[in-house]
Amino acid sequence: MGDDKKEVKRKVSGDEAASASEERPKWNSKTQYMLTCIGFAVGLGNVWRFPYLCQIYGGGAFLIPYLIALAIQGLPLLYLELAIGQRLRMGSIGVWNSISPYLGGVGMASMMVSLLVGMFYNSIVAWVMWYFFHSFQDPLPWAYCPLNENRTGYVKECEDSTSVNYFWYRETLNISPRVEISGSLQWGMVLSLLCAWAVVYLCFIRGIETIGKAVYITSTFPYVVLTIFLVRAMTLPGATVGLTYLFTPDWETLKNPKVWLDAATQIFFSLSLAFGGLIAFSSYNPEKNNCERDAVIVGCINSATSIYAAIPIFAILGFKAQTNYNTCVDRNILSLTNAFDIGEHNITSENYNDWLFSLNTTDPDIVSDLELRTCELQTFLDQSASGTGLAFIVFTEAVIEMPGSQVWAVLFFVMLFSLGLSSMFGNLEGVLTPLLDLKLVPKWMPKEIFTALICVICFAMALIFTLRSGNYWLEIFNSYVGSVPLLVIAFFELIAVVYVYGINRFNDDILFMTGKKPNWYWQACWRVISPLTLLLVLVAYVVVQAQQRPKYPAWNPEYVDFPETDLQFYPDWVFAVCVLLAAVPCLLIPLVAAYKLVQRMCLGSRNLQEQERHHANPYSNQGSYSNQGPSSNHGSHSNRGFSHDV
């Protein structure tokens with residue numbers, strides 16, 4: 001009898017040791033967790049995508065569909081991901097596989113999207129680092145055109161366009177005239193990309209332990225820089241013109257269905273939903289945590305950041321438009337002064353229009369031969385740009401005109417680097433956490449080595465973006481990986497939680513974690529509003545894209561209308577790659593479900609359940625949940641949430 005007791009004691013001790021070895025990592029503080037989620041959600045899109053949408057869609061009027069989309073799509077999906085990750089305490093694959101083995105493809109799709117997005121996203125960070133390193137030169141290298149080979153003039157491509165365009169397209173990208181012309185690796189970009197991945201690895205080397213320290217800088221510094229830019233931008237001439245343009249609503253644009261579609265997709269993508277990163281981050285929380293409050297705070301800060309960033313951006317765009325307008329008028333004044341032998345200071349910017357009308361009335365032929373430019377302030381304000389066009393062309397051009405341009409360039413690119421790096425934490429976490437949770441990493445391999453291996457693989461695959469055609473491929477990945485797959489994944493996440501896991505069980509889980517059940521607003525969104533609107537956005541997005549064959553803007557110095565971009569159709573094989581990038585992550589969902597169904601039919605339910613129990617969630621704490629949770633009177637009900645039973 002005594003031997004039996006000793007054996008039982010040894011077995012219990014062994015189980016406790018195994019449990020301790022598998023203990024889930026935890027955040028050092030709630031602040032680290034919140035800053036990490038905010039850093040992941042607030043990214044480059046808040047700075048260069050949201051202002052662009054406001055610019056083309058009626059300024060302040062765009063805020064109406066944007067905030068509506070936040071309320072019925074963004075916040076409910078964000079709350080759902082944070083809650084399900086916190087309760088099941090696993091990465092994306094483990095969470096959906098725990099709910100049902102047929103849903104394992106949802107997690108795999110999230111992981112693939114995170115991998116692909118991380119590849120091109122860190123390539124943008126590499127471009128930012130390239131500009132950052134060049135920002136210490138005086139004068140800035142994009143402020144002037146280089147001399148030609150004979151040193152008798154400037155390079156023709158630069159003269160025909162601008163020094164800013166030349167530095168971006170030729171010095172930085174050395175871009176090819178068509179996407180099918182790959183060209184060679186650009187070694188400057190390769191080195192920048194290597195540096196970008198090295199920084200990500202160093203910040204990620206020990207998982208949330210090192211991420212939690214890095215986010216104190218990467219998540220807060222952009223707000224410091226934005227505030228500095230806000231103060232400086234408000235003192236620039238033309239700032240009020242830009243802000244008036246931003247906040248003056250054009251209500252007619254709300255009649256355009258594409259405005260509502262773009263608002264829905266913007267709020268969805270800017271919150272980084274369906275990547276799996278938010279699920280992974282919340283899985284490191286204690287089970288007793290108010291995830292509802294977390295979701296509201298992260299969602300509102302993300303949207304407030306977009307609006308806050310738009311103010312200095314539009315003030316600077318107004319300054320740029322005013323500067324370009326003044327330059328245009330000054331050139332026309334010089335032409336008129338020389339042609340009509342008028343006194344040097346007789347024509348000014350204030351009376352320019354009166355002089356032009358008078359001279360055009362008396363000598364229309366002479367004025368016509370001068371080929372004067374049309375100078376309208378509204379035209380310069382309407383010259384919209386987003387993404388890399390805003391960061392590396394429009395903004396860098398504005399910085400040249402600002403006193404102390406090197407300081408503002410350094411601050412701007414450090415801000416972009418911080419935004420990109422904090423978003424990369426979530427992308428990489430969406431890849432690593434599922435692989436670690438599913439025990440796919442050999443036990444002999446330290447986590448640091450495995451993380452390094454993933455970074456090296458991503459770096460090698462991302463070399464495609466350092467080719468001469470790399471910018472075209474990055475736009476392809478951005479357009480097709482970060483669009484339809486995320487909408488499809490999010491739709492299946494809602495269906496999985498509400499109709500497979502069970503909305504009542506999910507409500508009980510939230511009651512256990514937060515002490516209160518979700519109110520009617522969350523219930524209505526999860527059950528009906530969010531799935532329907534998400535499905536509507538998905539269908540509308542696909543229909544809009546399918547109506548026309550996609551084109552891309554090519555930078556071609558031989559183009560007849562150069563420096564205008566040459567709009568070209570994608571070659572058939574490139575278009576096929578586009579379709580595959582959008583389709584493959586989505587196809588993983590039905591393929592995994594079909595595989596599990598065939599496996600169940602071949603192995604039989606008994607053997608399959610044995611396999612599923614072997615791979616059960618090691619962090620589930622089933623016993624404590626069934627004893628403490630709100631569903632403690634329904635033991636089988638509690639346990640189902642952490643097994644692979646359908």
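Any Cβ shown, glycine's included, is placed from N, Cα and C.
TrEMBL labels come from automatic prediction, so no person has curated them.
As recorded in TrEMBL:
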COMPBIAS  1-14  compositional bias 'Basic and acidic residues'
REGION    1-23  region 'Disordered'
TRANSMEM  33-50  transmembrane segment
BINDING   G39, A41, V42, N46, S270, N302, L419, S423  Na(+) binding site
TRANSMEM  56-80  transmembrane segment
TRANSMEM  101-133  transmembrane segment
TRANSMEM  187-208  transmembrane segment
TRANSMEM  220-247  transmembrane segment
TRANSMEM  267-284  transmembrane segment
TRANSMEM  296-317  transmembrane segment
TRANSMEM  407-428  transmembrane segment
TRANSMEM  449-468  transmembrane segment
TRANSMEM  480-503  transmembrane segment
TRANSMEM  524-544  transmembrane segment
TRANSMEM  573-598  transmembrane segment
REGION    613-646  region 'Disordered'
COMPBIAS  618-646  compositional bias 'Polar residues'
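Positions of the features from TrEMBL, shown on the structure.
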residue : record             : Cβ contacts under 8 Å, 6 or more apart
G39     : Na(+) binding site : V215, T218, S219, S422, S423, F425, G426
A41     : Na(+) binding site : S270, L271, S272, L278, V298, G299, I301, N302
V42     : Na(+) binding site : S219, P222, S270, I301, N302, T305, L419, S422, S423
N46     : Na(+) binding site : S270, N302, T305, S306, A309, L419
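A contact between the transmembrane segment (101-133) and the transmembrane segment (187-208) is present, since 3 or more of their C-beta pairs, 6 or more residues apart, lie under 8 Å. Between the transmembrane segment (296-317) and the transmembrane segment (220-247) there are 3 or more Cβ pairs closer than 8 Å, counting only residues 6 or more apart in sequence, so the two stretches are in contact. Contact between the transmembrane segment (220-247) and the transmembrane segment (407-428) is present: at least three CB pairs lie under 8 Å, with pairs separated by 6 or more positions in sequence. Of the two recorded stretches, the transmembrane segment (480-503) does not lie close to the transmembrane segment (449-468), with fewer than three CB pairs under 8 Å once pairs fewer than 6 apart in sequence are set aside. Sequence-ordered, the extra residues of this chain that approach the Na(+) site, with Cβ no more than 8 Å from the Cβ center of G39, A41, V42, N46, S270, N302, L419, S423, are I38, F40, G43, L44, G45, S272, T305, S422.
Two recorded stretches are said to be in contact when at least 3 C-beta pairs lie under 8 angstroms, sequence spacing 6 or more; the transmembrane segment (56-80) and the transmembrane segment (449-468) fall short of this definition. Per-site Cβ counts within 10 Å over the binding-site residues S270, L419 peak at L419.
Comparing the binding-site residues N302, S423 by how many other C-beta atoms lie within 10 angstroms of each C-beta, the top residue is S423. Long-range neighbours of the transmembrane segment (187-208) within the same chain, counting only residues 6 or more positions beyond its ends whose Cβ lies under 8 Å from a Cβ of the stretch, are 25, 27, 32, 36, 122-123, 125-127, 129-130, 133, 172-173, 214, 218, 281, 284, 421, 424-425, 428, 432, 447-448, 451-452, 455-456, 458-459, 462-463, 465-466, 470.
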